[in-house]
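Colleague: Heads up, here are the entries from Swiss-Prot:
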ACT_SITE  H64  active site, charge relay system
ACT_SITE  D109  active site, charge relay system
ACT_SITE  S203  active site, charge relay system
DISULFID  C31-C162  disulfide bond
DISULFID  C49-C65  disulfide bond
DISULFID  C97-C255  disulfide bond
DISULFID  C141-C209  disulfide bond
DISULFID  C173-C188  disulfide bond
DISULFID  C199-C224  disulfide bond
DOMAIN    25-248  domain 'Peptidase S1'
SIGNAL    1-18  signal peptide
Amino acid sequence: MVLIRVLANLLILQLSYAQKSSELVIGGDECNINEHPFLVLVYYDDYQCGGTLLNEEWVLTAAHCNGKDMEIYLGVHSKKVPNKDVQRRVPKEKFFCDSSKTYTKWNKDIMLIRLDRPVRKSAHIAPLSLPSSPPSVGSVCRVMGWGTITSPQETYPDVPHCANINLLDYEVCRAAYAGLPATSRTLCAGILEGGKDSCVGDSGGPLICNGQFQGIVSWGGDPCAQPREPGVCTNVFDHLDWIKGIIAGNTDVTCPL
């Protein structure tokens, strides 16, 4: 009965979702159903985001995905025909880089969510490890999510789409977007010639480079996937001490400047 209620709620959310958000994968293909057991679907205030399961109690996503009445779904592939092992959770606690929950396009767009109860691992639910080494420019990266697959007109898929993009030099993003500082805790990821990118609805989801979880999708150009307008992601490696500290119960830990 509980599972039936969860699946019904997911279908209702799919039908009521207003197709508004901050980032979706352009130029990709349907993800393999078995390649994203760590990918979570976040609904809030009629918006949609992605996120990443770190362990049975914690999800990492973008700070700008914070909202009221958040619902977190795990084990999802098709939203219309859910897997039997889909699980629904809500936040027990949320943690931000500072108490004011402030962030900018180049700093602190990161949020840790402690779930209301532990997740049960299953065929379609498993955590993703934090990175063991820093990201390297030139890496091939995988981006994924249920975001729009067309831009500027928005077309939202039933299943997550995945695309391979490259980790670019930060100066490429500085040239594309006025106002970015000389240094930041972000990554620049995309295809120089355009055609592939995260987009509206993908925010908060993972950027996986050479097999390691290196970024959190944050923002990008509008329309998405334009030449020399890559996506910008929060650098996970730069925030490892904060992430590990919060999970360990040290709420006094601070984010890097």
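Any Cβ shown, glycine's included, is placed from N, Cα and C.
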Colleague: Using C-alpha positions only, work out which of the active-site residues H64, D109, S203 is nearest to C255 (disulfide bond).
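Modeller: When the Cα distances are compared, D109 comes out closest.
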Colleague: Of the active-site residues H64, D109, S203, which sits closest to C97 (disulfide bond) by Cα distance?
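Modeller: Answer for the nearest of the active-site residues: D109.
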Colleague: Using the alpha carbons only, what distance in Å do you get between C188 (disulfide bond) and S203 (active site, charge relay system) once rounded?
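Modeller: Roughly 14 Å, rounded to the nearest whole number.
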Colleague: Can you tell me which of the recorded positions C31, D109, C199 is spatially closest to C65 (disulfide bond)? Compare CA atoms only.
Modeller: D109
Colleague: Restricting attention to the domain 'Peptidase S1' (25-248), give the mean pLDDT.
Modeller: 95
Colleague: Nearest to C209 (disulfide bond) in three-dimensional space, by Cα, is which of the active-site residues H64, D109, S203?
Modeller: S203
Colleague: Measuring C-alpha to C-alpha, could you say which of the recorded positions C31, C49, H64, C162, C224 are within 10 Å of S203 (active site, charge relay system)?
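Modeller: Passing the 10 Å Cα cut: C49, H64.
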Colleague: Would you identify the secondary structure of C65 (disulfide bond) according to DSSP, in three states?
Modeller: helix
Colleague: Using C-alpha atoms, which one of the disulfide-bonded residues C31, C49, C141, C199, C224 comes nearest to D109 (active site, charge relay system)?
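Modeller: Going through C31, C49, C141, C199, C224 one by one, the closest to D109 (active site, charge relay system) is C49.
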Colleague: Is it possible to get the count of other C-beta atoms within 10 angstroms of the C-beta of C97 (disulfide bond)?
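Modeller: I get 22 for this one.
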Colleague: Tell me the Cα distance separating C162 (disulfide bond) from C173 (disulfide bond), rounded to the nearest angstrom.
Modeller: 22
Colleague: Including all protein chains shown, what's the count of other C-beta atoms within 10 A of the C-beta of H64 (active site, charge relay system)?
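Modeller: The answer is 21.
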Colleague: According to DSSP, collapsed to three classes, what secondary structure does C173 (disulfide bond) have?
Modeller: helix
